[in-house]
Amino acid sequence: MAPDSVEFCRILLLALCISGIWSAYIYQGVLQETLSTKRFGPDEKRFEHLAFLNLAQSVVCLVWSYIMIKLWSNAGNGGAPWWAYWSAGITNTIGPAMGIEALKYISYPAQVLAKSSKMIPGMVEIFNPFIPQKVDHESLFLSHFFLRFLGLSYSCCSIRDAVMLMGTLVYGIRYTFPEYMCTFLVAGGVSFFALLKTSSKTISKLAHPNAPLGYALCFLNLAFDGFTNATQDSIASRYPKTEAWDIMFGMNLWGTIYNMIYMFGLPQGIGFEAIQFCKLHPEAAWDILKYCLCGAVGQNFIFMTISNFGSLANTTITTTRKFVSIVVSSVMSGNPLSLKQWGCVSMVFGGLAYQIYLKWRKMQRVEKKKQKS
């Protein structure tokens, strides 16, 4: 095949990945917001069991990954054993459930904005003492975000000083001015957004408006995600033949087991109530199914993007998708943002865009060094 044809095929593949990630996750966001705010049926009841979405998502992704392993992948041969994911499965079960539950207390744009902070790589390997071997520090953002979140009600200066104090004094890390700038933009945008007044129209759609609790749940979501990412990297390092579908299968297998125990095995489980609600309100059941399918399809395109174009391209696509999700929620779902709130959104995504640019420059320098050597 001619070089021009190869390049054209890569462009088409990239366009397919972009459209797949955008359409799957933007629509999933719409469904997530719908399930958290809509009143179903003539009795106008809310779907209060949002954590049930985590179980449904795990089951669908488990089946999806099994099919992909059998049909399209060499995964399962020499990869990590299924039991290796038990610890990551715990945090991967609790974390996303808390992120979903946050929608009872804060708006969808606020949730997306808060969770977007994890796009900034953590600069402190806080999990190293707890993980069997060294892993990629870019996955370990927990302590960095933790310090930023603690400063949510304070000035951005205190957030920046806390990050510098922890990184410099405890871990001996030296931060550059661009890194501080990214932190300032993201932390400042999230902090100011949280402190600004939300419109009464948006608040009226929430089940139990409570901004501090909602942001706290988002923080816990990110904290558990940090351990999950670190453990996944550790598993991949110990078992080099592990493929993406191996990880997806193992994580969702344990996620299904843990969620089933929590939802149906414990006295306070909500599984039977959620199923009963779906029986009485088929519209909610269809929304849940579509939500899960969007997640499975979206993961498929993310794996495709990373394997063909690298993590930087995937970060760029998912970051822009988050911004579009906020626009869609504001325009189509009736969550109007003030000019000040849009300014905060611009700050956050400006910081994320700057971080992507810094990564790209670093990659370019590495490539030049390789060519010279």
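Cβ coordinates come from backbone N, Cα and C, glycine included.
Nobody curates TrEMBL annotations by hand; they come from automatic prediction.
For the transmembrane segment (12-30), same-chain residues at least 6 beyond its ends with a Cβ under 8 Å from one of its own Cβ atoms are 108, 112, 290-291, 294-295, 297-298, 300-302, 304-305, 308-309, 313, 317-318, 320-321, 324-325, 328-329, 332-333. For 12-30 (among others), the entry in TrEMBL reads transmembrane segment.
The list of residues near the transmembrane segment (50-69) in space but at least 6 beyond its ends in sequence, with Cβ under 8 angstroms from a Cβ of it, reads 32, 35-36, 75-76, 93, 96-97, 100-101, 103-104, 245-246, 248-249, 252-253, 255-256, 259-260, 263, 270-271, 274, 288-289, 291-293, 295-296, 299-300. Annotated transmembrane segment per TrEMBL: 50-69 (among others), in sequence order.
Taken from TrEMBL, the feature transmembrane segment covers 177-196 (among others).
The list of residues near the transmembrane segment (244-264) in space but at least 6 beyond its ends in sequence, with Cβ under 8 angstroms from a Cβ of it, reads 51-52, 54-55, 58-59, 61-62, 64-66, 68-69, 73, 75-76, 79-80, 82, 84-86, 88-90, 92-93, 228, 232, 235-236, 270-272, 274, 299, 303, 306-307. Positions annotated as transmembrane segment by TrEMBL: 244-264 (among others).
According to TrEMBL, the feature transmembrane segment maps to 339-360 (among others).
Counting residues 6+ beyond its ends, the transmembrane segment (339-360) has Cβ neighbours under 8 Å at 109, 113, 116-117, 119-121, 178-179, 181-186, 188-190, 192-193, 196, 312, 315-316, 319, 322-323, 326 in the same chain.
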